[in-house]
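If you look up Swiss-Prot, you'll see 10, 15 marked as ergotamine binding site. Annotation comment: Swiss-Prot describes 1-4 as topological domain 'Extracellular'. If you look up Swiss-Prot, you'll see 27-46 marked as topological domain 'Cytoplasmic', on the strength of similarity to another entry. Here Swiss-Prot flags 5-26, 47-60 as transmembrane segment.
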């Protein structure tokens, strides 16, 4: 019972970590490429949406 759960959580957290790094990279790219427009997309609501999407992709 513990082994499949361990495997699932290992893959889940590894994928989530990689996806978070990708999201941070995209965010930094946009901040460099379009600095004026980047501030419009950085709010609590958009951060929550981005984090939720990353976790949903990781679970799926």
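Every residue gets a Cβ built from N, Cα and C, even glycine.
For the topological domain 'Cytoplasmic' (27-46), the model's average pLDDT works out to 87. Taken through DSSP, the topological domain 'Cytoplasmic' (27-46) splits into 17 helix, 0 strand, 3 coil. Within the same chain, the residues at least 6 positions away from residue 15 (ergotamine binding site) whose Cβ sits under 8 Å from its Cβ are 57, 58, listed in sequence order. Long-range contacts of the topological domain 'Cytoplasmic' (27-46) within the same chain: none, as no residue at least 6 residues beyond the stretch ends has a Cβ under 8 Å from a Cβ of the stretch. Within 10 Å of the C-beta of residue 10 (ergotamine binding site) there are 10 other C-beta atoms, taking all protein chains into account.
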